[in-house]
Amino acid sequence: MSADLTPSRAATIPERPSLDGLEDKWGRVWAEQQTYAFDRAKALEGSRAEVFSIDTPPPTASGSLHMGHVFSYTHTDCMARYKRMVGLNVFYPIGWDDNGLPTEKRVQNYYGVRGDASLPHDPSFVPPHRGDAKSLRAGDAMPISRQNFIELCDELTVEDEKAFESLFRRLGQSFDWTISYRTIDDHSRATAQQAFLRNLARGEAYQAEAPGLWDVTFQTAVAQAELEARDYPGAYHRVAFHLGDGGAGTEPVYVETTRPELIPSVVALIAHPDDERYAGLFGSTVRSPLFGVEVPVVAHPLAEMDKGAGIAMCCTFGDLTDVIWWRELQLPTRSVITRQGRIQAEVPAWIASGPGAGLFAELAGKTVHAAREAVVAALRESGDLDGEPRATQRKANFYERGEKPLEIVTSRQWYIRNGGRDAALNDKLVGQGQSVDFHPPFMRARYSNWVTGLNGDWLVSRQRFFGVAIPVWYPLDAEGEPVWDRPIVPSEESLPVDPVTQAPDGYEESQRGRAGGFIGDPDVLDTWATSSLSPQIAAGWRRVDEDGAVTTDPLFDKVFPMDVRPQGHDIIRTWLFATIVRAYYEHGTAPWRNAAISGWILDPERKKMSKSKGNVVTPEDVLREHSADAVRYWAASGRLGTDAAYDVGQMKVGRRLAIKVLNASKFALSFGDVRADADLAAMVTDPLDRALLAGLADVIEKATAGFESWDYTRSLEVTETFFWTFCDDYLELVKDRAYGANVDDAAAASARATLRLALDSLLRLLAPFLPYVTEEVWSWWHEGSVHLTSWPTADEVRLAGEPADPAMLGAVGAALATVRKSKSEAKLSMRAEVAHIVLGGPESLLDHVRAGESDLRAAGRITGSLDYVPAQTWTASDVELIPVEKPKPQA
RNA sequence: GGACGUGUAGCUCAGCUGGUUAGAGCGCUCGCCUCACACGCGAGAGGUCAGGGGUUCGAGUCCCUUCACGUCCA
């Protein structure tokens, strides 16, 4: 039986091995030698099964990497390294998500600018400053053209990405850096536009004018997945609506509303059909206070009987329930809130002829907040406010990055169907989730819950500057009005396009904005609409050949569907779901076979780490202080799907382990060389050595099983435990035997061979977790990288002949511990000699101890008589110890 | 209100399909400068496995229920 090892040679070992500098040393070597390069040619020749492909999350380039990134990316890297060692051709790309609002905000602050679509491109533009913005008020920002703005985004994200790359490299991420992309680069933009155009051609994407959530700060539409419900202070205002013509003697109907400023928008009062208090009013009409607009009282089950007065004021639009009522009850549209979050300037028709026209004119142009105060004052004056407003906490929808509650405005937007309005499609998309193996499995419920609970299609258009342009134009009719339902689309060959600066085929730029001409769609796609195509972008779904033809890279079928999507659970509803939707439409399949979901990192007090709490640590500092291997050890101790604490203690344990690997390896290789051509396995004859390797074989099997079930933590744990036993017991037991004797001494040779065999496997078992220290030690006596060797197999260390019993090492180790305990209790040095001892132990194990007695005597310094007696537990009796002679201080 | 997860030594966590006196590391206490390692080595103390009920010869492990915490969705 010969082990499948890389070439070995006489060991060259540093005098004092150290972790310091290993990251720089090996990081450079790995980069120079392309250690982690994906073998494209081999993939193209071979079968899909020989490849392991990873849909790496592209981090947001404009943020900064935090310990959560370190945590989850390490999880993936450990799996990637394992898969590489079992012989798979690992496709491990890295991309940057430099798209979207975070980048825009960062660019605005960094350069002191803001985008203004009305401005022309200035080719010689120089930003006011770079970084170090002084106190920057929105008004001070310099307005610049969209193109100039995008150029700045481009400039800054490239800088940010360099910092990220350096950190990832130091952490030991085994990406293939040649397979990289940026979600704003030409290839990504073209891919995103091509996929969108195909969605459009197949009817999966559509345009609609509809009420939708709108962020007044960022001036953009917002999708359901970007919502965040937050507590928001408000007040119930009890407001009177008047019956009939409001004649005296009739009791008004009181509603309780938190948004009195929307009274001009009221279209109905709505109560629950079972609510007897209002049953008599259904079908009749009431007049709104102040404005005197006549609205019906209608029944709908979404009215909450126990909330407020039990009867709600339906306005267009105060919240999402209003939208449902408006749609289902076919109510009129009476919007007064503009996209800026202010009351519109013109007095609307339904108010102009009524008593409130003057009041409305006063409200015009006011913010929602100011309008509310004005309306409340007017209600007080007219007597329509019953009592005083009562403060309340209500849940309001916010854009996840926004600071003001979302308004609902009607606008023309693009959508991609995602099952939110189509039960059959919803079922299919839930089914796509079933075909992905989630790790841990319960994470699938997050997916199914989200998909099942969707209440609308995916809104993909955003009114932003920096992003992938929606690749369509609209013809203008003879009156100069856009013909929305006949969008002009570009050819796939011409992608990427920017409809704002380029004219569509068949038109001249001079026709832009003119009757009979065209306009370009000014919007960009949701960031997720691009990042949801990360598998397609990385794997070359779109490729442009030299002749300009659009095809697909033949590699695509060798890596797609990908083997795994690693990501955090917070973006199951966005990134994971969107990727499934896109792959389903384009390929009819799930985009990956597995989804590996990492948990969050919490601070030691179990709080979420955030800048505002001041408990954020920067990965650079952490890596410098503890070493990359130590930080990886901490990360790898966290199982998939489980939140973990930021735990310096665990990093110290990892550092200790890494240092132990250095020292133990040095020791194990220091007993004199074995013959280079020797069959190591054949040299292992001593029963204790055979027991060690038998135990190691079991460990290899368990560690392998761990990785195969995505439980890398289990692999680390069994390997680590065994490694410490190897150090504390086995090394101690055999060192005397391995020392000193000549090369031809069979007992010594057995120990030395075992040490090498064991170390060889142990390093490979630890390599996915501790890439630096294992590479360092490997280099002492091997050619090539440990990361490109084969994963150890139990067969390598399972010797021919009589099967050895791994329990023997445990038995002799327990006996040694018993001897140590005697010395410890006597408060003596471990060097103290044992003149006499009677060892008690389980009868079934005593034979094992006898078989290893010479090693036990050497390690325990038992120089006198050693007797055995069966006992329930390990005990020592009749112990006679000889203290070590303390050397007299020299005079 | 719904879904999912978690609750095991002071702390961080293992305990897989139920089976002998519940494990590890850190921390703590005591001892040891043992020729790989003092960034080390050895030894020790610490738990009625959140509470209650049930199934079983036997439950931290399965079922029911209560409580606490977390995340997401309403």
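Yeah, the Cβs are placed from backbone N, Cα and C, and that goes for glycine too.
Taken from TrEMBL as is:
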type: BINDING; residues: A:LYS611; note: ATP binding site
type: DOMAIN; residues: A:28-115; note: domain 'Aminoacyl-tRNA synthetase class Ia'
type: DOMAIN; residues: A:142-644; note: domain 'Aminoacyl-tRNA synthetase class Ia'
type: DOMAIN; residues: A:689-835; note: domain 'Methionyl/Valyl/Leucyl/Isoleucyl-tRNA synthetase anticodon-binding'
type: REGION; residues: A:494-513; note: region 'Disordered'
type: MOTIF; residues: A:59-69; note: motif ''HIGH' region'
type: MOTIF; residues: A:608-612; note: motif ''KMSKS' region'
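Secondary structure by DSSP for the domain 'Methionyl/Valyl/Leucyl/Isoleucyl-tRNA synthetase anticodon-binding' (A:689-835): 105 helix, 4 strand, 38 coil.
For the motif ''HIGH' region' (A:59-69), the predicted model reports an average pLDDT of 84. Using DSSP to sort the residues of the motif ''HIGH' region' (A:59-69) gives these counts of helix, strand and coil: 3 helix, 1 strand, 7 coil. Per DSSP, the secondary structure of the region 'Disordered' (A:494-513) breaks down as 4 helix, 1 strand, 15 coil.
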